[in-house]
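Lifted from TrEMBL, the feature list:
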BINDING   Asn41, Trp42, Lys43, Gly201, Ser241, Gly262, Gly263  substrate binding site
ACT_SITE  His125  active site, electrophile
ACT_SITE  Glu195  active site, proton acceptor
Amino acid sequence: MDSALEKHIRQVVQQVLSSLQLTDIEEQPSIGRSKPLIVANWKMNMTLQEAREFFSGLTDAPYEHCEAVICPPAPLLYPLKELMQQAGISLGAQNLHEKPKGAHTGEVHGELLFELGCSHVIIGHSERRAAGETDEQVAAKVHQAIGNSMIPIVCVGETQLQRELGLTKEVIRTQVESALAGVTEERSPFIIAYEPVWAIGTGKTAQPSDAQDIHREIRQMLAEKKSIGFANRVPILYGGSVSASNIQELCAREDIDGALVGGASLQAHSFEAILKALR
Ligand SMILES: O=C[C@H](O)COP(=O)(O)O
């Protein structure tokens, strides 16, 4: 890999680790993040031209008060790398394969994503789980992400039916605990995104108090399965119809450390409005 690029990636990862305050973690009574983390998931949207227009439309970058990550479709990772660097935004992938290199047509391996500049990778999004991705694959992908020096952002969340059946905590516990099987080192970076499936792309955001309750539960699950120190340093993001009008109230809650944003991240003005609302 080009040494300047490698240096940049290591700096980004180091910044993230510093913002997680990994020193004296066991002594910290509460969450270690100093800045909210906003992750844009562009999903299967944007052309190269539209993505370039998005970056031309940013007026506020770089953002000092929060950490921003954009996860474009895989073919846009390389062409956008410089624009992302100039804007002070970290580059993330939307998925990776659960195995290292091999005969898996159409797939992308973690080593390549890291080489392209990715510091983060979304894993187990509900749209992928609905297409058949299993908890075991999620765990293997977490292992691949960490093994390739990237930070996994593991999505968990209940469907409308599971919610109505009172299964929310059970569903989330299974997803969280399975994903942790891919984390072998206590100090490995790890992010959870709680995305109630019924809130994704629907305009129905969870009540901040309800989201906080689930985030608190997730933190307890992390503490039970790993340690209190691990649980306190894992950022737990909320996702599901996040916009400039609700981000502030969500992030004001103790266990909501930022957001995973879909629709509102596709336009420069609506993406920046979310970041500005957190000032
Ligand atoms: O990954 C992002 C989530 O699925 C949220 O999407 P949304 O903000 O369009 O509801």
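Yeah, the Cβs are placed from backbone N, Cα and C, and that goes for glycine too.
Curation does not apply to TrEMBL; its annotations are automatic.
Sequence features, as recorded in TrEMBL, placed on the structure.
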| residue | record | DSSP (3 states) |
| --- | --- | --- |
| Asn41 | substrate binding site | strand |
| His125 | active site, electrophile | coil |
| Glu195 | active site, proton acceptor | coil |
| Gly201 | substrate binding site | coil |
| Ser241 | substrate binding site | coil |
| Gly262 | substrate binding site | coil |
Sparsest Cβ surroundings (other CB atoms within 10 Å) among the binding-site residues Asn41, Ser241:
Ser241
I'd like the number of other C-beta atoms within 10 A of the C-beta of Lys43 (substrate binding site), please.
18
CB within-chain contacts under 8 A for Trp42 (substrate binding site), separation at least 6:
Ile70, Cys71, Pro72, Pro73, Leu76, Gln94, Ser265, Leu266
Among Asn41, Trp42, Lys43, Gly201, Ser241, Gly262, Gly263, recorded substrate binders, what is the largest CA to CA distance in Å?
14
Go through the binding-site residues Trp42, Lys43, Ser241, Gly263 and pull out the ones with a Cβ less than 6 angstroms from some atom of ligand 1.
Ser241, Gly263
Residues that sit under 8 angstroms from Gly262 (substrate binding site) by C-beta distance, when 6+ apart in the chain:
Asn41, Lys43, Ile200, Gly201, Gly239
Fewest other CB within 10 angstroms, which one of the recorded positions His125, Gly201, Gly263?
Gly201
In Å, rounded, how far does the Cα of the residue listed as 'active site, electrophile' sit from the Cα of Glu195 (active site, proton acceptor)?
9
Between Gly263 (substrate binding site) and the residue listed as 'active site, proton acceptor', how many Å separate their Cα atoms?
14
In whole Å, how far is Ser241 (substrate binding site) from Glu195 (active site, proton acceptor) when you measure between their Cα atoms?
9
Enter the number of other CB atoms within 10 angstroms of the CB of the residue listed as 'active site, proton acceptor'.
27
